[in-house]
Amino acid sequence: MKKAALLNSDISSVVSRLGHTDSLVIGDAGLPIPETTTRIDLALTHNVPTFLQVVSVVTSEMQVEAAILAEEIIEKNPAVHDALLDQLKQLEQHQGNSIALHYVSHEEFKTQSGKSRAIIRSGECSPYANVILCAGVTF
């Protein structure tokens with residue numbers, strides 16, 4: 001059995017295959033997922049697991065160089081937005097690099113998410129709790 005925090009075999013497989021600039025999406029329970037994109041569905045019930053819990057575990061094994069958010073999260077979900085920014089700041093310190101933040105419209109976010117390696121669906125039931133994580137390199 002793995003000792004690391006990330007135990008989900010599907011997520012672990014996707015993370016291990018990411019190359020520089022490949023992306024992985026962590027979304028709320030309502031984010032549409034195109035049929036052509038790999039879906040990893042973790043949602044058990046409302047808010048289980050939460051968006052922030054999934055971000056925390058995934059980023060424990062993924063090198064992140066950029067994050068893309070829907071600009072609507074700033075006004076429509078400030079608590080999750082602020083908590084996510086705190087997590088990304090802590091991740092910067094742990095990784096020893098800066099993580100670029102980009103904001104796009106929710107419509108553009110949905111378009112870009114369809115180009116990712118996979119979309120992980122959390123049980124989060126709050127608006128715009130979605131992030132596209134862009135892979136960096138560890139060297």
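Every residue, even glycine, has its Cβ placed from backbone N, Cα and C.
What Swiss-Prot annotates here:
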type     : residues                              : note
ACT_SITE : His20                                 : active site, proton donor
BINDING  : Asp28, His106, Tyr128, Ala129, Asn130 : substrate binding site
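Overlay of Swiss-Prot annotations on the structure.
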residue	record	DSSP class
His20	active site, proton donor	coil
Asp28	substrate binding site	coil
His106	substrate binding site	helix
Tyr128	substrate binding site	coil
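For the pair Asn130 (substrate binding site) and His20 (active site, proton donor), the C-alpha distance works out to 21 angstrom. In this structure, the CA atom of Ala129 (substrate binding site) is 24 Å away from the CA atom of the residue listed as 'active site, proton donor'. Per the record's binding annotation for substrate, residues Asp28, His106, Tyr128, Ala129, Asn130 show a top Cα-Cα distance of 13 Å. Residue with the densest Cβ environment among the recorded positions His20, His106: His106, by other Cβ atoms within 10 Å. Geometry remark: His20 (active site, proton donor) versus Asp28 (substrate binding site), CA distance 25 Å.
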